[in-house]
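**Q** Got a structure for you, written out below as structure tokens; questions coming shortly.
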Ligand code: ATP
Ligand code: MG
């Protein structure tokens, strides 16, 4: 009997996980510059938290949830996204309280779960990095947060990106536009896809997001939501675009762009990769403003802004742009032990080296000298320390710098007392 991982999931193995660490480390560094702090919420939530926030009629809630009843008959679900759980946490922990800095800025990273049809860049367990800003209605928050996403991608070495924005306006905008869209689409109802026929009555804006060819020709000529913005919504959007201009951040406006979650208001955006070979799954980051979500979950009226980006799709993009990822797991010292008798001393030597704050590895398989040197080389060791039975008897060890090929013998007592100095001595030689 052998087992396979569930469909739409991945094992992230060494070789690949270094890339994940690089991406996550870079996110932490960039987000710190913008004063975001990390938040960690549970992997599962009450079904209602997601249904209420994301919207009952969205694909995520109606088709893609990993929900179940636990042994206590509670309706719970694996989280499909990060914003609703964090808004729940914001309300539950009263993060709007006077003791907290405003706006309240957090980031997260972790797995999300959606029952989707797996394909390249589309998984059932995928991973997001995301941020949320609570408490600021200032358009500068929209712009700064979008700028941060672009900044993050630039730091990773990506350049072939496109920022696309739109506004969904406020509640009044949505009501007026909703009616205009129904009036426009209703005469074509029979020609729409099955999904869009249903959406037309439940949630007509969702038709604009349809990936079905039958719908797309109607979507192309649909009325523009930007023509329905209320004066307030229009002013907000104009400030956002003028601030993007002031920061010289290029963007496009796509008035047909909507998002797959119901909580958005005003500014929404997507970042697309332009790299060739990206295929259909080219959206690597999406987000926007959500001014009523916190209230919806029982909190005080609190504007919000956030985004989420898919790590798997980001890694595909980095590959498409041929980004070189710096090696993170470098080896300072490899200890070659020759003969069973050196087993204990080799153990002590690697531990001592690590206690000095260096990375160290050794052979455990009692292999021949040649095989051990080959491992040292393959692992990119800077120093190779050789301990044979003769050295052990004389209480010395041979240390070789792989860069300068220089070799020198040291008393073991010296190594235990001052390996840090020996390391400096042996590694700086290479620049002479
Ligand atoms: P799409 O239109 O591609 O389904 P979405 O609108 O559902 O995306 P969001 O919910 O806004 O996506 O999530 C933000 C980002 O998370 C996406 O831009 C994408 O990079 C990533 N993402 C979403 N769903 C998946 C998935 N099933 N597998 C891998 N990444 C995903
Ligand atoms: Mg989706």
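Cβ atoms are placed via backbone N, Cα and C, with glycine included.
Worth saying up front: this structure is predicted, and the values here are computed from it rather than measured.
According to TrEMBL, the protein has these features:
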| type | residues | note |
| --- | --- | --- |
| DOMAIN | 20-326 | domain 'Aminoacyl-transfer RNA synthetases class-II family profile' |
| BINDING | 81, 82, 83, 114, 128, 132, 259, 263, 264 | L-histidine binding site |
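Please go over these features one by one and say how buried each is and what sits next to it.
**A** Taking the domain 'Aminoacyl-transfer RNA synthetases class-II family profile' (20-326) as a whole, pLDDT averages 95 in the prediction.
There are 23 other Cβ atoms within 10 Å of the Cβ belonging to residue 128 (L-histidine binding site).
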**Q** What does DSSP assign residue 128 (L-histidine binding site), in three states?
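**A** Strand, per DSSP.
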**Q** Work out the three-state DSSP category of residue 83 (L-histidine binding site).
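**A** It is helical.
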**Q** Taking the Cβ of each of the binding-site residues and counting other Cβ atoms inside 10 Å, which one has the highest number: 83, 259?
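**A** That would be 83, with the most Cβ atoms nearby.
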